[in-house]
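What follows is a single structure, written as C-alpha cells, with notes after it.
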Amino acid sequence: MINRQYFIWYIFIFNIINKIYFENIRYVKNYEVVIRKKKNIERGIGNDFAFIRRYYKSRLLSDVSYKNNSIKGKNRVDKEGDIKKYDNNDDNKMDNSYDYKNKSIKENETKIRKEQVISLDKRYNRNINEKEEIKKKIKDIQRKRLIIYFKQDNTILSSRNYKHIFMKVLSSCGHIEKLTFINFYLYEFPKSINNEDMLLKICLRLLESRRINVENDNQISHTVQMKSYNNNNNKWDNINSKNNCIYQIKDKIKDLPNVSPSASTFTSISTSPYTLKLRDRNKYANDKNHIFKINHSNKHKNNNNNNNNNDYHNNNKSNYHSHSSAKCQTQRLNKKMIGTNILDGYDIIQMEEGLNLSHNYELNDVNVCIIDTGIDENHIDLKDNIIEKKTFMKHSYKKYNIDGINNIESDNIDGINNIESDNIDGINNIESDNIDGINNIESDNIDGINNIESDNIDGINNIKSSDNIKSSDNIKSSDNINSSDNIKSSDNNNVHTMLRNKLYLKKKKECSNYNTSNDGHGHGTFIAGIIAGNSPKGKKGIKGISKKAKLIICKALNNNNAGYISDILECFNFCAKKKARIINASFASTTHYPSLFQALKELQDKDILVISSSGNCSSNSKCKQAFQECNLNIQKLYPAAYSADLNNIISVSNIIQQSNGNIVLSPDSCYSPNYVHLAAPGGNIISTFPNNKYAISSGTSFSASVITGLASLVLSINSNLTSQQVIELFKKSIVQTKSLENKVKWGGFINVYDLVRFTIDSLPKDKDE
C-alpha cells in the first residue's frame, strides 16, 4: 500500500514538474529510465558485448538462410525464357561469394565492436564525470544558505498551489524557511547527503529552473570602525578587537570629554570615518568662549544672500576653532552635555525649535525597526521604548579568541575545575578564579614560562613530557619524577589547559559587563539612543529625537559588525511582521544583490520607509571598513543605489560646519546627486552605549539615524501619512546650499522647524483645531 501511494505521488509530482516547470530541462520526465541505463553501464561492458553478439548472430543466420534459398533455386529463367540448370562451377562461385561476404561481415563486426567499446567508454566516463559534477555542486552548496524567490509573472505558475508543490519537493532534500511577509525562501542542504539519491538530483534540477531566482548567501557589513581612546597606553584602540572588549566608555555623560576642534585634541575626520573621541572634558569646561549659540533665524534666504558663495552659514563665527590639519571641523557644545549634539546647541538644522513646536502634537506611537548589531535592552535610557527584540545570526560562531587561544567557546568554560590527583599530586582542586598550588613554575627546557602573566600566555602551546617541572610549593624538586610524581604528556596538557582557561576566565570577567547585552559592538545601541533615547535622568541622560518611537530591534550583524544577506532578509521579514513604519538600515556593500533589491521592493509595496546611510569613505588604504571612493556615481553602494529604482528609500550623507559658518559635506562621507537624497549632522554625536554607558562618535550611520528619528517624529504627529507623503514633506523642508548642490539629490539639508510646521499643516482641520 505504501509503495503504491509513493508511486502515485511520484508520478503526480513528476508530471506536474516536467510539464509546467521544466519544459527547458531534458530527461527529467524519463529520469528513472536514464538512471537504469546508467546502472547497466556501470555493471560492466560485458552485457553490451552480449547484446552485440546476439545482434550479429541474427545477422549471420539471416545471411545463411539467404544462401540456402539461393542454392535451392537450381533453375532460373534466362533472358530468353529458356530453363537452364546451374552446374557445379556456379555452386563454387556462390560458395566463394559467400565466404567473401562472411569475411566482410566478420571484419565489419570487429570494427563495429571496437566503435561500440569506444562509445561505451565515453558513456561510462560521461557518467563518472556527471557524478563528480554532482558531488562538486553538492559540496559547493552544502552547509550554505540559498536565497530563493519566484520570478513575478501573471500566469498560473505564480499561484500559491504550484509554489507550494515546488517547495514541497525541494523540502524533501533540505530545510526550507519561508519568509512570508517578503515572499522569500531560505534553503539549506543537510550536512550529510546521499549523492546517489535520485531525489537529490531532481532537487538540483529544480534549482536550475528558470521560474525562480537562486542566490548564494553573502556577507555584508557596516562601512565604519569604532575606536576608543585608551588612557593606559595613550593610543587609539579598535573597539571590536580580538577580545571583543570595550574600554574607556564613560558611565555618565558628565564624564565624557568636550570635543574641541583643535589639532592637539583630536584626529582629523578624514583619518578615521568613525571615531570615538574620549578626551579630558575639563580642559574647556569653564571656557565660555567655546559655547556655540543657536542662530534662531528661519530666514535662510537672507542668510544665503549675505554669503558671496550663496551658501548657507551661521553668522556667529567667533565661537569656532579651526581644525589646522583638515581646514574644516565639526563643532560641539562644550558646556551642556545633553543628548545628541543637535539638541545641545550645534543646531544647524534647528532641531530644538522643531521639537519644541512638535511637543503638543506628538500623539501617535510609531514602530521603528533598527537592523543592526542589536541593543542593550537594559540601558536605562532605552529599555522603556523597546517593544520587540529578535536575533538572526545563523552563521555566527560562539568563539572567544585571546592571542592565539582559538578554540575556547564563550559558553563553555568547563575543564579546569577538576584535575585528578592521580596524575598530579598536590593539585587536586583548582578553582576558576584562583589557582593556588601553582605559585611558581620553573623549567629548564620550556621557553617562555619563566614568568607567566595573565595577559600573555604565548609560547606555552606545547609542554613536552620530557620537560622537568619544579614547583616551590606543591611539586617537589627532583631530577626524575616517577610513578605518581611523574607528569605525563596528557597531564601537561591539563596544566596547559588550566593556564589557558585561567587567562580566558580573567578576560571573560573583564568583558562580562559588555557581553551581558545583545549588542557586543555598540553601533546598534548608539543608533537607538539617537532615535528614541528617553532617559529618566533628565539632563544626565540621552533624550532622542522621537519620544513616541517604539523600537523593534533586529540583530543581523555580529559583534564584528558583519552579517549575511539572509539574516538581513529575515530582519526585513520580522520588521514587516511587526508592522514597522520605518526601517533604519545602516549597512552598505559594493555588490548588487538581487535578493536585497527584491526585498526592498516588497517593503515598498507594504508602504514601509527605509532610511539608509550613504556610506563612509577614506583615502587611507589601511582602513578596511571604509570605501576608497566617495562618489557613488563612480562606485555604487547598496542599498543606497537602489533609491534610483525604488521610491521608499531615503539615503543620507553627513555634513559638518566650517569655521566660517559654511555647511559642507563631511570629507569622509559618500555622496551622489543620483543616489543620495540629503545630508544631516552626524559628527561628534553623544548617544547611548551598552551597559548604561555613553559615547561620542561620528559617521553617516548617525546622519541616517537623525533622519529616521525625524521620520518617526512626522508620523507621530500625523500617522495617516504614507511613505511618499513623508518624503514629500522632507523635500519641502530642505535648505538649499551651493556646497551640497552637486553632492546630494535634493541639494541641501533638512530644517526640522519647517518639517514640523509642514507636518502640522497636513493634519485635518478638526484635529488641528
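Glycine residues also receive a Cβ, built from the backbone N, Cα and C atoms like all the rest.
Of the candidates Asn102, Asn258, Swiss-Prot marks one as N-linked glycosylation site, and that one is Asn102. A gap of 20 Å separates the Cα atoms of Asn584 (N-linked glycosylation site) and Asn720 (N-linked glycosylation site). Following the DSSP three-state reduction, the secondary structure of Asn720 (N-linked glycosylation site) is coil. Listed in sequence order, the recorded positions from Asn108, Asn356, His523, Asn616, Asn720 having a Cα within 10 Å of the Cα of Asp372 (active site, charge relay system) are His523. If you measure from the Cα atom of Ser701 (active site, charge relay system) to that of Asn616 (N-linked glycosylation site), you get 9 Å. Neighbour count (other Cβ atoms within 10 Å of the Cβ, all protein chains): 11 for Asn356 (N-linked glycosylation site).
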